[in-house]
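Undergrad: For reference, the structure I am asking about is given below.
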Amino acid sequence: MKILILVAAGLLFLPVTVCQSGINVSDNSAKPTLTIKSFNGGPQNTFEEFPLSDIEGWTGATTTIKAECPEDSISTLHVNNATIGYLRSSLSTQVIPAIYILLFVVGVPANIVTLWKLSLRTKSISLVIFHTNLAIADLLFCVTLPFKIAYHLNGNNWVFGEVTCRITTVVFYGNMYCAILILTCMGINRYLATAHPFTYQKLPKRSFSMLMCGMVWVMVFLYMLPFVILKQEYHLVHSEITTCHDVVDACESPSSFRFYYFVSLAFFGFLIPFVIIIFCYTTLIHKLKSKDRIWLGYIKAVLLILVIFTICFAPTNIILVIHHANYYYHNTDSLYFMYLIALCLGSLNSCLDPFLYFVMSKVVDQLNP
């Protein structure tokens, strides 16, 4: 419980930075031209122009100049050819939507069946509460997938408006971290029940489980606020499409803010929970090694949880940090392709979580016949 409180406190500290961005210029002409790095857009004619030859020691190499951001919010951006190439690529318009269609077809019925099974369960109230919240989070994610599917199939052209874009983005990221934290709460709950049974017996099971889930929803909502506050929908001039979250205004959402925000998100939302889960289930396996059937059941559950973390959550968070560090320190978005693929893998948890419920329910039933 103390660890969860520490996590909650850490999640509330969002870094505040000053809007600042750099533009990469490699042209040898007398004046710099507007060159926007992939997936970061900029308004037209908002950059200070001066002869590069005036820079002392300039030899024609790549130079970074400071952007002059407009005071008012804008909705139209200019991007480079690499960004447009990605937005029109088969990866973005065919492969990614195909994966999302598969997730929708499997995830919606799987989570509905899980909720139905949970509604019929009369014992192990903690298990019911945790998996109900997990299934609700996964189902919310799945029902927003048609918007993402239509977006990608339409050539990354968003037609559903700014509000829907922000909601979809919040649900997309929020589902992953909600699932991670709920799985962590489940691990803590099983650890207390097995390693400290007398302490666990004194706890009000229903209230304790609902409190933990409530904390998870509040923390995830607070950490998703930047996606709610910052503009996510931008119209691209040259390609005549409107993107949702794929292109951001470097002035409104500076690279320094994005870097520290996503690093803290990966640290508090993935790394710490992963360490807690490893500790809890390792202790459980050690405690139950003399009970063969229960021990084997926990081995299956732990392996499935490790699969979910290894395939779904680890690549997404690792590449997320590297991607934003790459842009923050080197002003390049070259890893965004890999990051989007990792996000697709991260979405698989919405289909794997229902299987985890059926495994865990058997283990709990063996512990409490």
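Placed from the backbone N, Cα and C atoms, the Cβ positions cover glycine too.
Pasting the feature list from Swiss-Prot:
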type: SIGNAL; residues: 1-19; note: signal peptide
type: CARBOHYD; residues: N24; note: N-linked glycosylation site
type: TOPO_DOM; residues: 38-93; note: topological domain 'Extracellular'
type: CARBOHYD; residues: N81; note: N-linked glycosylation site
type: TRANSMEM; residues: 94-119; note: transmembrane segment
type: TOPO_DOM; residues: 120-127; note: topological domain 'Cytoplasmic'
type: TRANSMEM; residues: 128-147; note: transmembrane segment
type: TOPO_DOM; residues: 148-166; note: topological domain 'Extracellular'
type: DISULFID; residues: C165-C244; note: disulfide bond
type: TRANSMEM; residues: 167-188; note: transmembrane segment
type: TOPO_DOM; residues: 189-205; note: topological domain 'Cytoplasmic'
type: TRANSMEM; residues: 206-229; note: transmembrane segment
type: TOPO_DOM; residues: 230-259; note: topological domain 'Extracellular'
type: TRANSMEM; residues: 260-279; note: transmembrane segment
type: TOPO_DOM; residues: 280-296; note: topological domain 'Cytoplasmic'
type: TRANSMEM; residues: 297-321; note: transmembrane segment
type: TOPO_DOM; residues: 322-335; note: topological domain 'Extracellular'
type: TRANSMEM; residues: 336-360; note: transmembrane segment
type: TOPO_DOM; residues: 361-369; note: topological domain 'Cytoplasmic'
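Have a look at these and tell me how they're positioned relative to everything else.
TA: Each residue of the topological domain 'Cytoplasmic' (120-127) gets a DSSP state, and the totals for helix, strand and coil are 4 helix, 0 strand, 4 coil.
Mean pLDDT across the topological domain 'Extracellular' (148-166) comes to 93 in this model.
In three-state terms derived from DSSP, C165 (disulfide bond) belongs to a helical segment.
Residues 1, 3-4, 7, 127, 130-131, 133-134, 137-138, 140-141, 144, 147-148, 160, 209, 212-213, 216-217, 219-221, 223-224, 227-228, 232, 244-245, 265, 269-270, 273-274, 276-277, 280-281, 305, 308-309, 312-313, 316, 343, 346-347, 349-350, 353, 360 of the same chain lie 6+ residues outside the transmembrane segment (167-188) yet bring a C-beta within less than 8 angstroms of a C-beta in it.
Proximity of distant same-chain residues to the topological domain 'Cytoplasmic' (189-205), defined by a Cβ-Cβ separation under 8 Å and at least 6 residues beyond the stretch ends, is recorded for 125-126, 130, 212, 279-281, 283-284, 287-288, 367.
Remote same-chain partners of the transmembrane segment (297-321), defined as residues 6 or more beyond its termini with a Cβ less than 8 Å from a stretch Cβ, comprise 176, 179-180, 183, 187, 262-263, 265-266, 269-271, 274, 277, 281, 284-285, 288, 335, 338-339, 342-343, 345-349, 352-353, 355-356, 359-360, 362-363, 366.
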Undergrad: Please figure out which one of 94-119, 260-279, 336-360 racks up the most CB pairs under 8 Å against the transmembrane segment (128-147).
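TA: Highest pair count goes to 94-119.
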Undergrad: I'd like the per-state residue tally for the topological domain 'Cytoplasmic' (189-205) from DSSP, helix first, then strand, then coil.
TA: 14 helix, 0 strand, 3 coil
Undergrad: Same chain, outside the topological domain 'Extracellular' (148-166) by at least 6, Cβ under 8 Å from its Cβ: which residues?
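TA: For the topological domain 'Extracellular' (148-166), the nonlocal Cβ contacts are 87-88, 92-93, 96-97, 100-101, 104, 172, 227-228, 231-233, 241-246.
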